[in-house]
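Note sheet for the following structure.
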Amino acid sequence: MALSFSLLMAVLVLSYKSICSLGCDLPQTHSLGNRRALILLAQMGRISPFSCLKDRHDFGFPQEEFDGNQFQKAQAISVLHEMIQQTFNLFSTKDSSATWEQSLLEKFSTELNQQLNDLEACVIQEVGVEETPLMNVDSILAVKKYFQRITLYLTEKKYSPCAWEVVRAEIMRSFSLSKIFQERLRRKE
């Protein structure tokens, strides 16, 4: 069962206060949230990854979008935001709800939602107005296509437990790679 609307609204309302007073220390706040999300993803594992080796798949993580130094901070935040938004969407489906232990899935979704709110506040602070910055459209598109490949894979595998395990491992990998990206941003500041 998907997260109830009232639970999501409660999370949004509670997050609103922190958004209004949040200073944008992207590497610090997002890195902490990223670590919590990784821990929750690790706890969500229900079957041995070794039993799913035949289902492994290369989803073509857009590494080059996270390697470049061409990003302004606001653009980098937008790419991270898109990755987390797509992850949130993926794990908010009814097929996802049927696969994972409900309380862990809710905690994971809440953590992703908080990260999205924090990143939105950072974009606003970086740009100085409540409009999204000009962003690297190609990078955002690359992230969207990456998640389309993941969704297509799940559909082709009929949302099997092994398919979800492969996807869970892939998302953990992408979060780990985004952490490296954030550390690079921190060094640039």
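Every residue, even glycine, has its Cβ placed from backbone N, Cα and C.
Note that the structure is a prediction, hence the values are computed from the model and not measured.
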**Message:** Quick test of reading the record: Swiss-Prot lists a disulfide for C162. Which of C52, C122 is on the other end?
**Reply:** C52
**Fill in**
Students should find that the Cα atoms of C122 (disulfide bond) and C162 (disulfide bond) sit apart, in Å rounded to an integer, by 36
**Complete:** Top of the disulfide-bonded residues C122, C162 by count of other CB atoms within 10 A is C122
